[in-house]
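Record features, source TrEMBL:
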type	residues	note
REGION	1-26	region 'Disordered'
TRANSMEM	33-55	transmembrane segment
TRANSMEM	75-93	transmembrane segment
TRANSMEM	100-121	transmembrane segment
TRANSMEM	199-224	transmembrane segment
TRANSMEM	258-277	transmembrane segment
TRANSMEM	289-312	transmembrane segment
TRANSMEM	318-336	transmembrane segment
REGION	347-377	region 'Disordered'
Amino acid sequence: MDSALSDPHNGSAETGGAANGTTRPPSTPEGIALAYGSLLLMALLPIFFGALRSVRCARGKNASDMPETITSRDAARFPIIASCTLLGLYLFFKIFSQEYINLLLSMYFFVLGILALSHTISPFMNKFFPANFPNRQYQLLFTQGSGENKEEIVNYEFDTKDLVCLALSSIVGVWYLLRKHWIANNLFGLAFSLNGVELLHLNNVSTGCILLGGLFIYDVFWVFGTNVMVTVAKSFEAPIKLVFPQDLLEKGLEADNFAMLGLGDVVIPGIFIALLLRFDISLKKNTHTYFYTSFAAYIFGLGLTIFIMHIFKHAQPALLYLVPACIGFPVLVALAKGEVTEMFSYEESNPKDPAAVTESKEATEASASKGLEKKEK
């Protein structure tokens with residue numbers, strides 16, 4: 001997981017020179033400001049809309065849109081898994097040909113990107129279809145075993161409108177595959193980020209603190225302690241980062257001097273912010289205090305990251321600044337409002353967990369039986 005914010009022009013990536021070895025002309029202050037501002041905006045959009053969609057996702061009953069719940073055990077293991085993956089990619093790029101590795105990765109992310117972008121634009125595209133559009137329902141179902149032992153492997157429901165969105169997303173996918181254009185990269189990156197914030201749910205605030213704390217150490221170590229993360233970010237030709245050219249004003253859409261932001265810096269704080277939005281709703285006070293507080297904290301943290309990076313001319317581990325802000329600000333608000341206990345006792349069950357489903361059914365049946373007993377009395 002790439003989660004460093006870097007600026008190639010300022011020396012954090014080797015792509016600052018032109019392909020023929022000549023020195024790249026310095027970016028203008030306007031171009032740098034435009035690049036940083038655009039990265040900030042692109043980071044905020046999937047967090048805001050992904051958080052809103054996560055609420056509907058948590059309430060939904062469609063099996064294809066069920067969220068994946070992250071437990072405290074998952075959160076504790078994640079930095080270790082991410083470190084092994086990052087180091088493995090680094091070694092692959094050192095040992096094998098970068099060209100062939102990126103070809104395989106391009107095909108892999110081509111398929112994932114199309115699916116993610118299709119899922120992202122589907123709600124917006126539905127508004128443009130006419131009322132008499134012939135929309136048919138489909139279900140893709142794979143099961144394992146038979147009879148009572150039958151287990152669902154894949155259960156995906158879709159319709160004709162989804163197929164249209166898939167076709168449109170495929171156009172972007174072909175564009176990315178053939179040109180590797182930065183706009184196509186960002187479309188896929190935004191889709192991955194929004195889907196991550198929407199579909200990855202933390203089960204409670206404590207789990208969020210474990211995840212963010214672990215990745216805080218991960219980010220600082222791999223950016224400041226080694227050159228591994230920056231090397232992988234430069235070598236990895238896949239939409240796992242948001243990029244924006246600092247020389248856009250000079251070269252237009254063919255600009256190639258990019259500032260970049262890893263998707264980890266968007267998705268990881270984003271799923272914590274989305275959790276706080278769902279916590280706000282659970283309080284039933286018709287306010288989104290914790291969501292807006294954490295959202296403002298994210299803006300502050302990422303803005304501080306950009307400022308520090310610009311001053312010191314070195315890639316920065318964005319989570320170094322984002323984690324204290326995104327955890328600290330909401331906790332301070334909770335202390336001020338006397339709601340720390342409520343915040344840390346808030347719990348979300350995993351809708352895919354059979355035990356959780358059984359407990360929910362038992363609770364519903366118990367409630368119903370109590371209601372019947374009261375009526376009989």
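Placement of Cβ uses the backbone N, Cα and C atoms for every residue, glycine included.
Remote same-chain residues near the transmembrane segment (33-55) are listed as 5, 27, 67, 123, 186, 189-190, 193-199, 201, 242, 244-246, 248-249, 258-261, 265-267, 269-271, 273-274, 277-278, 281, 291, 295, 298-299, 302-303, 306, 310 (criterion: CB distance under 8 Å, separation of at least six residues from the stretch ends). Ranked by the number of CB pairs under 8 Å to the transmembrane segment (318-336), the listed stretches 100-121, 199-224, 289-312 are led by 289-312. Residues 3-4, 54, 57-58, 65, 67-72, 74-76, 78-79, 82-83, 86, 230, 264, 267-269, 271-272, 274-276, 278-279, 315-320, 323-324, 326-327, 343-350 of the same chain lie 6 or more positions beyond the ends of the transmembrane segment (199-224) yet place their CB under 8 Å from a CB of it. Counted as Cβ pairs under 8 Å, contacts with the transmembrane segment (289-312) are highest for 258-277 among 75-93, 100-121, 258-277.
Proximity of distant same-chain residues to the transmembrane segment (258-277), defined by a Cβ-Cβ separation under 8 Å and at least 6 residues beyond the stretch ends, is recorded for 1-9, 13, 15, 32, 35-36, 39, 42-43, 46-47, 50-52, 54-55, 70, 82, 182, 189, 192-193, 196-198, 200-202, 204-205, 208, 211-212, 215, 219, 233, 240-246, 288, 290-291, 293-295, 298, 301-302, 318-319, 322-323, 326-327, 330, 348.
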